[in-house]
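**Q** Sharing a structure, written as structure tokens. Questions coming.
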């Protein structure tokens, strides 16, 4: 038996993690919830100094598989298999991500009526006497195919992305072929689709496992072969089917041909490393054949790795292997040839073309290499396509800041760049700089310097730069690099290149930024417009900061404002060049700082991006957007009145304001929407306070005292003073812009602050506060802390001290803990020493149990563990596994519903 009072044992600590969603303790990652059907691990992408995964206090190398051990009394979960899945970050670094799945669903059905479960096994087998039964032993070290397990990401709340691919071929009078790439982020599935040998489709349809329509997307008319879109708010059932590769996608045309192509959505390991691609089509009419090639260059050698996914090349019904020839061609001249065997059920093929010479690399960069697959025999079939740089709806962009310069500084300047890579290898660029200290003398595209004093310049585009006539320290560079090498295309699409701005005063580097691929999110503005630069020099008064940013802003037909902000250099320590996570507030308002009537909080954000939509903005703010008198501003603890800012001009015809009633769902639940004043007056639940109308449920800081927080509850205004928690530090200070004192820590200014959604405020690192929860106000039974090292907010319930009186009292209604009255202090007996204000129930996993209540614990993916009994003993959980007698036989078996094994004589297979 395990005593669970006081400090918990190691095994119970592990069990707590399982029951809370099997949270992993990983460096630079966040615990996440567990998918009840698919996973046993948390969504934890651990960025470790050594590539691998950390699980349950143990380290596993990439590609390792194991059964999780929950410790006594639970033991090893033999029906759960975990896998350390290799992943590549945006900077090309390898790391591990834990994925686990329940193997029980793969067990074969025993042919006997009374199967038994052998100890240490997951699947039941037939005992002696069933000679026709073949034993199934668990392969504990199976190296799973990249599509045989599910990625460890919670379906309902994704912080990281998962990529999928589909090959679409003709099913009805079509020779068309399409390659579709999908990215799942939280519950939104974005897609980039390119197609050949068919007219532009008009309808894209997702089909579920039963063949029913799950989602339809009307394809907008355009003159390109690229389709970009997003499926928002996927239901859980469709998320599960997506992860289980049970969804299909179909595209149809509505012209005279009425073509249709269709394919299965699958997950493939090669997607994260792909930098070149090709669509393989046939010259035949209505062939139904097609395929795609995913290619990448080796990091150090000129080896071209590729994977082919083929459809229809081998007719269905042919089970035997079919020999094929894979050819690399240039203008129909054979360069390389590889022979392989494929079948209708296993048509994927992977190979490496070693040591490409300079001519082959040149033709690769120009999109002039052709890859062909041809079957051998009497009736050969052939598909082929040209290789080019990977195409998608994502955008190549860079934010340049002085904090990222080779010698970091604080100038308040900004650089913004957008790039377009064409199929022929040319690279278009649009670069804008502003707020620089002196004239620009160099604009270069570079690699990461091998040494601080030795830069690796690839392309010098200074000749295309033109200084701005009306603005000092600004200018633009528009042009194209027509001879980008294949190696540099590979590095560009792996986020390994940088853009550098040198000035007369900073000859090496005043601004610098990494060129990164920004995933498509459904916002079309960034494909058609340049982003708005955000700089400290644009703040009033100007701020000399190391940070910079840019933003895309658009107003749609419903007068909803869409925004996306990317920043670089915010919250960076002065003594290091490594950027920390961003913690800041973004808001939108009019340029006249004296006005407060047209300002909106966009969102608090974590990372280097913030995006969302405002669906209920005021007429006044829309007018300022139309006139170009509005701004976007990002504020931090160091500069609460604005660290970077940019003027935005979004022409619109929204004289009547946003038409929010036609919107199905809000994209962000945590945004505070501001309605038009005329509409607020008509709302019977509106509150009128200090000359302004406030919507029901809204909260704000009153003008009469900024150390209060007010909320509107059905015409009633409730204002609560900010409650300052007690501090344990010896020295405190009272900042002018804060209501509560904080610990005097000189190093805190170098650490990131925290944004808390409850009160929508920034909190200094190390500070503690009681959370504000509308409509209840400040909750004194909980304390939140800003973790300065990570910028995370950690909230926990206040633990009330044990009391020695028989009748404790609560002195104030808002107090969390009871106290003993001064006149009532008789001691209690030892066996009655309990927490007077604390509950006597037990919390186990996510459930609460009353004192003396017994239960069988439930473990995700495993279910109820009937052989283990837990009970609540005055607030402490105790668990005990059923004690089994020792057996003298060598082959014990366990029957259905039995906790202990039994002897059945000799057992054989």
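Just so you know, glycine gets a Cβ as well, placed from its N, Cα and C.
So TrEMBL lists the following for this protein:
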- 51-127: domain 'VWFC' (DOMAIN)
- 160-270: domain 'CHRD' (DOMAIN)
- 272-392: domain 'CHRD' (DOMAIN)
- 398-520: domain 'CHRD' (DOMAIN)
- 526-653: domain 'CHRD' (DOMAIN)
- 685-744: domain 'VWFC' (DOMAIN)
- 752-821: domain 'VWFC' (DOMAIN)
- 840-904: domain 'VWFC' (DOMAIN)
**Q** List the helix, strand and coil residue totals of the domain 'CHRD' (272-392) as derived from DSSP.
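**A** Summed by class, the stretch gives 10 helix, 60 strand, 51 coil.
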**Q** Could you break down the residues of the domain 'VWFC' (840-904) into DSSP helix, strand and coil, giving a count for each?
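**A** Taking the domain 'VWFC' (840-904) as a whole: 0 helix, 29 strand, 36 coil.
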**Q** Across the domain 'VWFC' (840-904), what is the average pLDDT of the model, as a whole number?
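**A** Looking only at the domain 'VWFC' (840-904), pLDDT averages out to 78.
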**Q** Do you know the DSSP helix, strand and coil residue counts for the domain 'VWFC' (685-744)?
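**A** Once the DSSP states are binned, the domain 'VWFC' (685-744) shows 0 helix, 24 strand, 36 coil.
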**Q** Across the domain 'CHRD' (160-270), what are the DSSP residue counts per state (helix, strand, coil)?
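**A** Going through the domain 'CHRD' (160-270) residue by residue, I get 10 helix, 58 strand, 43 coil.
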**Q** Provide the three-state DSSP residue tally for the domain 'VWFC' (51-127): helix first, then strand, then coil.
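**A** So the counts come to 4 helix, 31 strand, 42 coil.
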